[in-house]
Amino acid sequence: MFAARQVTSSVFGAAQRRAFSASAASLSKVAVLGAGGGIGQPLSLLLKLNPRVTELSLFDIRGAPGVAADVGHVNTKSVVTGYEPEQNGGIAAALKGAEIVLIPAGVPRKPGMTRDDLFNTNASIVRDLSKSVAEHCPNANILIISNPVNSTVPITAEVLKKAGVYNPKRLFGVTTLDVVRASRFISQHKGTDPANENIVVIGGHSGETIVPLLSQSGYNLEGQALADYVKRVQFGGDEVVQAKGGAGSATLSMAMAGARFAESLLKAAQGEKGVIEPSFVDSPLFKDQGVTYFSSNVELGPEGVEKIHPIGEVTAHEQKLIDVCVGQLKGNIEKGVKFVAENP
Ligand SMILES: NC(=O)C1=CN([C@@H]2O[C@H](COP(=O)(O)OP(=O)(O)OC[C@H]3O[C@@H](n4cnc5c(N)ncnc54)[C@H](O)[C@@H]3O)[C@@H](O)[C@H]2O)C=CC1
Ligand SMILES: O=C([O-])CC(=O)C(=O)O
């Protein structure tokens, strides 16, 4: 459905659905926590369209059963169930047997806010949902969408560690949207087909922690053009927040990015080789500088993270961006770890 490098109109292709359902013998339950929200709804729809998903479990503190009833009428085979805390067995039933759990639960930004301004509300939401994951589906792949991702991923890791079920290969901060944007923006600049662009983006998921490595795709923008491009990738989220004027942040492009990541995990779980996605994971790349999580290209396999790719060659300008990123990330990660230590 979604190629890691491109999305095609084959999302609706009957022939492809038949081919997948023949090959996708395994049962794949996918759960969305926060399914009633701006991201959760279109994400649920895209997952319903994915023939690799056999069961779709939609949980929210409000609204998920309605979304499930609606999405459940789409004529694909997967079974959809909606859950609220006191309905259909609540979060325990929603999570039981899940292979992938996507978490877009939490508040979005309004103009003038940074992602870190969401910490006070979203940290406890992610902590509590992570406790439920630890209890009900500790072996699932966990995809954290809720912001600030640079801190919410460490929060989930700390919760899983406390529960004795932390598997660094199965925890992913979703930074796919940064690559989607970086690829789209360069295609607009150069007049190329965005489907053929796959700009490497590393670091984290907020402002200056987002580092596009344009040189690795053979592009050499310079001066103001380079500065403008980097700024647009780093602050692409703000562009949407401003345009929505208080009604939230990116939801549709994020749903596409989340669905693409889930599709890549399912492909890898079903034996496909060479599936690569960028993701914010427990990473050795900058551990010597105290940065325990970092986003870079990650090869996925049946066990989750199979290989973390090295950063590779960078220009002097990109190195400066990385230095700024690493300094900021360290603080974001420590904030998440400290939160769980002080608020278990
Ligand atoms: N990683 C990324 O690239 C991106 C992340 N985001 C983040 O995703 C999050 C969600 O954004 P939207 O969907 O636009 O927000 P939204 O407010 O439209 O939806 C959030 C949903 O979460 C639900 N929720 C709240 N607490 C919950 C709990 N304890 N359990 C289950 N559900 C709960 C709400 O009821 C609501 O339906 C935000 O934190 C936003 O910043 C947004 C865009 C991109
Ligand atoms: O900007 C935001 O707050 C939402 C987000 O993470 C993005 O769009 O990349």
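Cβ coordinates are placed from backbone N, Cα and C, and glycine is handled just like the others.
Unlike curated entries, TrEMBL annotations are predicted automatically.
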- Note on the structure: According to TrEMBL, Gly34, Ala35, Gly36, Gly37, Gly38, Ile39, Gly40, Asn122, Ile145, Ser146, Asn147, Met254 bind NAD(+), and the residue from Asp60, Asp128, Asp228, Asp238 that belongs to that same site is Asp60
- Once the DSSP letters are reduced so that anything not helix or strand counts as coil, what is Arg115 (substrate binding site)? helix
- Query: So which of the recorded positions is most packed in, judged by how many other Cβ atoms lie within 10 Å of its Cβ, out of Gly34, Gly38, Ser146, Arg181, His205?
  - Reply: Ser146
- Note on the structure: Sparsest Cβ environment (other Cβ within 10 Å) among binding-site residues Gly36, Gly40 belongs to Gly36
- To the nearest whole angstrom, what is the C-alpha distance linking Arg115 (substrate binding site) and Asn122 (NAD(+) binding site)? 10
- Item | Pairwise Cα distance for Met254 (NAD(+) binding site)/Arg109 (substrate binding site) [Å, integer] | 14
- Item | Alpha-carbon spacing, Ser146 (NAD(+) binding site) to Arg181 (substrate binding site), which is rounded to whole Å | 18
- By a simple count, how many Cβ atoms lie within 10 Å of the Cβ of Arg109 (substrate binding site), its own Cβ left out? 21
